[in-house]
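The domain 'SSD' annotation in TrEMBL covers B:247-373, B:626-755. Look at TrEMBL and you will find B:224-241, B:248-270, B:282-302, B:323-346, B:352-376, B:609-634, B:654-677, B:698-726, B:732-756 tagged as transmembrane segment.
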Amino acid sequence: MIRLASKHKWLGSLITCAILVTPVVNADEESEKEGLRIATERKESDRGWDNSLADMSMILRNAQGQESERRMRVKTLEVQEDGDKALTIFDSPRDVSGTAFLSFSHSKEPDEQWIYLPALKRVKRIASQNKSGPFMGSEFAFEDMTSFEVDKFTYDFLRDDTYQGDEVYVISQVPQDDYSGYSKQIVWIDKEHYRVRKVEFFDKKGDLLKTLEFEDYTLFDDEFWRPLKSFMYNVQTQKSTELITHELEFDAGLEDTDFDENSLRRAR
Amino acid sequence: MRALPSWIAWFIKSPKMALALFLIVCVVATIGAKNLYFRGDYKVFFEPDNPQRVAFEEMQNIFNKSENVSFLIVPENGNVYQPSTFELTQALTEDAWQIPLSLRVESLSNYQHTYAEQDDMIVTDLIRQGQTGAEHINWVKDVVASAPEIAGRLVSDQGQVTVVDVTVQLPDGDQTKEVIKIADFARTLEQKYEEAYPDHEIYLNGMVVMNDAFAVAAQNDAETLVPLMFLIITVLIGVLTRSLYAAISTLIIVATSIAITMGLAGWYGLFLSTATVNVPTMVTTLAVADCIHIIVGMRLFLDTGMSKADAIHKSLLINKKPIIITSVTTAIGFLMLNFSAVPILADLGNMTAVGVMLACLFSLTILPALLTLFPFKGSSTEAQKQQKFEALGHWVTKNYRKVLPISAVLLIAISLFSAKNELNDVAVNYFDDSSTFRQAVNIQKDYLGGMSNMDFVAYTDEQYGITNPEFLSKIGQFAEWLEAQSEVQHVLSFSDTMKRLNMNMHADQPAFYALPENKELASQYLLLYEMSLPYGLDLNNQIDIDKSALRVIAVLDNLGSNEFTDFERRAKAKFAELAPDLRLEAASPPLMFAHIGERNMKSMVGGTLLALVLISGLIVIALRSWFLGGVSLITNLVPAGVGFGVWGMLSGEINMALSVVLSMTLGIIVDDTVHFLSKYQVAREEGRNVEQAVHYAFRTVGLALTTTTIVLAAGFGVLTLSSFALNADMGALTVIIIVAALLIDLLFLPAFLMWLSKRKGATEHDQISKQT
């Protein structure tokens, strides 16, 4: 409440300023600050989970209605002061079973990614320029799969709104990396828990490309909200990908050594 | 004087009241035209359950769509391996992502090249910004030489031309707006880069550009030549009848018939398509004919000293029956198009049938009302013209022994040439060399071969079925077979990519340019490669989501529709021989158009010929004479034979528009026949002999038929000036057929009637005709 009151006072003086100087620029600065505040709060409200282990399915659908399912396990490690680390092991389809994918998300430098191919018994690095490419043939790009870091974007608060009955902030975020496949994203974040409820992705020519909706938010360990379903829909090609979490465990006893090249080879 | 039905007479008695009511009807009906919209997409040609449409849509849904815009970059010095071309290609490729609805941009610069580096596989753009040094250029040249995926597709074999190819996702339904938007954007890019790189020419090509060229050509003609056609028709009517009011009255009837037809179509919920845009022209032909019969008739009676009211009355009386017979039979003929497998042809038939009946109704009601209000005076010129036609009639009856064999031999000989015609719809040939699109096509043809793609999809119906080495080797063999065909310019096959990946994984040793030996290995190469591709350059255009189906894309010469569908059959047969247990589908927009052409032609020509036969049957009933019905069969069918015979001599290539011409001229062919024969019959029933009856027919309808033919021939003749072959050919063939129809009715028909009467005895069949 105090914060809110002080914010209003600040806003009041700003408005006074705005009338005196150029109103448009000041209003923009204000909304950018508010956008950044929301994004920072989003990251802050999800700190301290340390590590987790999830059992997931990825279901691909095309415009013809065909489906293809991939089963995978995802290990994640929280990294303070930088992006998180994740190791994804594919269990199906059979042909790629045992394939593992390791990613280090970074807040300021490009992300790093490696893949292990069991039939070749080799680890291959994936160039970060390809972050815009599809992950496992799905509608998720690599950049959609890595962890959210505040420094990856610049922000602008757009409006207050309601989403599925909940109060939300709607902000836009512009990727800072030139290799991103997006010109911007619009994010719906609920006010109560700072959970992302929906994202719209815009392609390089500024057209809406994909929408991502998070559903079945569940509270784990009384502290951490995780969506059990995320649904990515490509509005241009009518293809979609659904990501379903079957099981999720926090404090799975994972540590840094579980997320290196050797662990990739060991992953099965 | 016999009496007209009272409802027709009312229009002469109360013309002002009639016209006021008519105006209201016109306004109300025409408002419906605002509901009309144009659909230029291929789907209008196919029923929803049509097997080709289903196969095509399935392919579109499984893989990305394949409509494209391509930029052909031609450096003046004939060598793309130079810094400026590299710079241009790289920059244009980046900018091409801004093209509306673009999904994918492929060029030499963003081609995802893979190579081995120590133990790693590197995936990289071939030309990144600034990579224009001599060393890099030579490296790219070497890569191209070893990559069948780009050589001959993105760079011409001799390196004179390079291509930036943009795949766009067009929406379902009407795409005209999007096509224009995309083409406009592409043109601004073209101009921008031609200015920045003056030593390069850039040409635009691809499906979208072609569709745009179609739209532009059709629009140009619709804005210039079509109005000119109507102007010439109106002016000629004025000149030939020596009356401004005759021209104005005809114009009013033609315009209102068209307006109400289109308005009713709008109210009914129909849309416009490449077929139904012809409805106004088709309605025009018969509306002009109807009006001219009545106006010419009126003027003839005015010249004999009758009052105007009586002259109109008399003209209606003698023309009412043939006009109604012509209109009803023509309308029924057009309704026959409902049996066509092509939905828009059914719409065309129904709309024209309504238009023809409206023209009939208005020329018998509104036209007399207009003629009553406008001033007309008698003059001697009409009588003079009439005498000339009667003199022609005398000449024919006198010389029928010469006229008949000569004309019969000539007609048969010319008709035989129609066998020379071949359905050969090469869409790009619709444009002459003055169009920028055609220039681009020519450049593409000279350096890269054709631009018609045919996509083959092999379905394994099994997850990761496509990485099976056995399957890949079958695909490889199929791709090799395709490559070996003379009409094939380029084949894009994933089997080539897989061979290269295998080589990359073995330190780029050329000995390993082969398919991997086991399925797991192939699957994981594919996965690795897939994971290394950036946005918009993924494998979705070749591989489906569960890796069970593979698309092989062949680029062919710009073939005619027959050769194109024939190639499809051959390729399918070859694949069935290679892999009998696999399902292969072929589809692509050019293939769809090839099928459309074939189907359209068959339904249209077949349907119209059937309609002409049916109309002769109806004439039997209407004239109550087996004899005259039988004769009409000849005069209905022969003009079509002669028309296509002349075409066979002149060109021999039949395209989609020409299949519509027969329907377009159907009304006029029938009109000539019915008016001549019905006047002949009237004279015979009044007790004249065959010779006198022919003279009577010449006197009463010769002038009207000739006037109509001259007016329409001049009008359609304007269309031959079009640079757009579809319209030019349509205009030319229409002129040929209507002129042929008139000559047949004025020369062959009377001679034939004379010959029959002399041979069988003049009285015999006339007695029958009276009794039935």
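Heads up, the Cβ atoms here are built off N, Cα and C, so glycines get one too.
Heads up, TrEMBL stuff is auto-annotated, nobody curated it.
Highlighted: of the candidate stretches B:352-376, B:609-634, B:698-726, B:698-726 has the greatest count of Cβ pairs under 8 Å to the transmembrane segment (B:732-756). Under the criterion of 3 or more C-beta pairs below 8 Å, with sequence separation of 6 or more, the transmembrane segment (B:352-376) and the transmembrane segment (B:282-302) qualify as touching. Among the listed stretches B:224-241, B:248-270, B:609-634, the one sharing the most Cβ pairs under 8 Å with the transmembrane segment (B:698-726) is B:224-241. Long-range Cβ contacts of the transmembrane segment (B:282-302) within its own chain (Cβ-Cβ under 8 Å, at least 6 residues beyond either end) map to 230, 233, 237, 241, 243, 246, 249-250, 253-254, 257-258, 261, 308, 310-312, 314-316, 318-319, 322-323, 326-327, 330, 348, 352, 355-356, 358-360, 362-364, 367-368, 371, 376-378, 382-383, 386, 663-665, 667-668, 671, 675, 700-701, 703-704, 707-708, 711-712, 715, 738.
The transmembrane segment (B:609-634) shares more Cβ pairs under 8 Å with B:323-346 than with any other stretch in the list B:224-241, B:248-270, B:323-346, B:654-677. Within its own chain, the transmembrane segment (B:654-677) has Cβ neighbours under 8 Å at 274-275, 278, 281-282, 285-286, 289, 293, 319, 322, 325-326, 329-330, 333-334, 337, 348-349, 352, 356, 421-425, 430, 596-597, 600-601, 604-605, 607-609, 611-612, 615, 619, 622-623, 628, 631-632, 635-636, 639-640, 643, 647, 697, 701, 704-705, 708-709, 712, 725-727, 729-730, 733-734, 737-738, 741-742, 744-745, 749, counting only residues six or more beyond its boundaries. Mean predicted confidence for the domain 'SSD' (B:247-373): the pLDDT average there is 89. Residues 247-248, 250-251, 254, 281, 284, 288, 291-292, 295-296, 299, 707, 710-712, 714-716, 718-719, 721-722, 727 of the same chain, all 6+ positions outside the transmembrane segment (B:224-241), place their C-beta atoms under 8 angstroms from a C-beta of that stretch. Helix, strand and coil counts under DSSP for the domain 'SSD' (B:626-755) come to 116 helix, 3 strand, 11 coil. Look at the domain 'SSD' (B:247-373): DSSP puts its residues at 112 helix, 1 strand, 14 coil.
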